[in-house]
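Below is one structure; the comments refer to it alone.
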Amino acid sequence: MKDYDESTAFLGQWGRFQQVVFFLLCASIVPNGLGAFSVVFLTDIPRHHCLIPEENLTQDWRDAIIPIEVVNGKREQSRCSRYRLDVVRNLSAQGFIPGRDVNLTDLEQEGCVDGWSYSKDIYQSTLVSEFDLVCSDQWKQPFTSTACFLGYLVGSFISGQLSDRFGRKPVFFATMAVQTTFSFCQAFSPSWTVFTILIFFNGLGQISNYVSGFVLGTEILTGDVRVIFSSMGVCLGFAIGYMILPLIAFFLRDWKSLLLAISLPGVLYIPLWWFIPESPRWLLSQGRVEEAEAIVRKAAKTNRVEAPTVIFKDYIANDDDMHPQEHLNVISLVKTQSVRSTTVILCLVWFSLSIGYYGLSLNTSRLHANPYISCFLSAAAEVPAYISCWLALKYFPRRLSVIFILLLGGVSLFLIQLVPETLSELAVALEMLGKLVITNGTSLMYAYTAELYPTVLRNTAEGVCITVSRIGSCLVPFLLQLRESFEYLPYIILGTLAVVSAFAALFLPESFGKPLPQTIQQMQKRERMKCPCITRKEHLKPVVHLESRL
């Protein structure tokens, strides 16, 4: 059976058709960047203390009614308690002066029975100040982010199977609608419970839309253009949205306005339905050869090239390889030993990269006191990671690149504990190096995974691997809590996972310079490493150089 890339080679790689698909799909990822980390601003905790009602208190007692506590070596006002208001009222009425006539440590304290007063230095309002997610309800603040991650987890799992069953395009636009609708509805949440439910479905839509758009572009585009799209295109689209987020949040300081602003771009993408086609590869895998040919002929007309009389003749003639009536599912990923070992190793690598990415991303908030600058720096650091990922995908074998990235990231995290406190800048530099290479590896794994699996299983495999990675992201808040027992324990765990994953990646098959597999049989024929020695062979060179086509 002739390969799909070979059958459609007459289209070229960078005609008008490919340009439209490339840029529209990249642009469709921008809302994902806006929404993915919006929770940083939506659930941030403003400075707060117990609300003091309008009582007849002297200014001295009004200033002293909030106890002073030592937190992380710094003295600050208590967030969850105050001196008993009735006692303070009597002492104030009698003319006693706090600290001189009254020893404050002897006074009885009470909780914030009248509510809280929140600082508006940075935010007009957040979800925390709206629903009082502090003190006894403080667990609700991190759980809000966890609910979003759980949405990512479920969405990663089901979107791949839905897309493999019903098509890339319908799922892509359906999940875009889900993301936009639930993001808009969140702004009108009457309670924290409703907001948490809505953010779960919002997260489900976000990751499902990202995965569907990624696979759709990977299957439509060919050669080095596919490499650029999968390594840089969608990732830079995400990074652009990520960098725009703090700018929007800076001007819209209340959480409802921010949600409305980041939900509006989704409406602008409705017309894309008429410009983005279904994946011809998926249509062929379902036996819908005529529909696939119609799309390719329309692409040929757009590119002003002549199409052959019969484009996919070999697909019709050889039914043994296609089996369009066979609907494979997640069980197919573990049926045979070859496919099963690939799936297990990829899940381990995805898990390690995800827990490292989100763990280090949450730590970047310590780079600067201003959350808007911190968010922008975290987003900007991803741009060189995506560019270097494109270079790695273009010139280097996938397996070697993954191993190098995991080892470099693991070593940089191990070294942080050896840096003396006087060289804090070096520790930050090592942490940012780890963030850069792990971001690079996360981007690379999308392309590597898509290249290893056949068309009939590609989206399901991507979805399963991303589902496993989301389990890692859900564990990040608990991992960071380990700093309370030993400051460097999270870094040690992240570094160990990276090194173990690098060793496991030795036994993955190579996909560099090879056509995408169409069937499981073609996937099983991929060469694997049988020993921990990596030898680059001549047949691993790129098939097409982008410079010759652009």
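Each residue, glycine too, has its Cβ placed from N, Cα and C.
Look at TrEMBL and you will find 20-42 (among others) tagged as transmembrane segment.
Annotated domain 'Major facilitator superfamily (MFS) profile' per TrEMBL: 87-513, in sequence order.
Marked as transmembrane segment by TrEMBL: 195-216 (among others).
Using a Cβ-Cβ cut-off under 8 Å and counting only residues 6 or more beyond its ends in the same chain, the transmembrane segment (228-252) has close neighbours at 22, 25-38, 41, 210, 213-214, 217-218, 221, 258, 261-262, 371-373, 375-376, 378-380, 382-383, 386-387, 389-390, 392-394, 443-444, 446-447, 450, 546. Here TrEMBL flags 228-252 (among others) as transmembrane segment.
According to TrEMBL, the feature transmembrane segment maps to 258-276 (among others).
Annotation source TrEMBL lists transmembrane segment at 342-359 (among others).
Here the transmembrane segment (371-393) has Cβ contacts under 8 Å with residues 33, 37, 40-41, 44, 122, 227-228, 230-232, 235-236, 239, 242-243, 245-247, 249-250, 361, 364-365, 401, 405, 432, 435-437, 439-440, 443-444, 447 of the same chain, all six or more residues outside its ends. Per TrEMBL, the feature transmembrane segment maps to 371-393 (among others).
Counting residues 6+ beyond its ends, the transmembrane segment (400-420) has Cβ neighbours under 8 Å at 349, 352-353, 356, 392-393, 426-427, 430-431, 433-434, 437-438, 440-441, 444-445, 448, 488, 491-492, 494-499, 501-502, 505-506, 508, 534, 536 in the same chain. TrEMBL lists 400-420 (among others) with the feature transmembrane segment.
Listed as Cβ neighbours of the transmembrane segment (488-508) (distance under 8 Å, sequence separation of 6 or more from its ends, same chain) are residues 341-342, 345-346, 348-349, 351-353, 355-356, 359-360, 398-399, 402-403, 406-407, 409-414, 416-417, 434, 438, 452, 479-480, 482, 528-529, 532, 534. Positions annotated as transmembrane segment by TrEMBL: 488-508 (among others).
Across all of the domain 'Major facilitator superfamily (MFS) profile' (87-513), the predicted model scores a mean pLDDT of 83.
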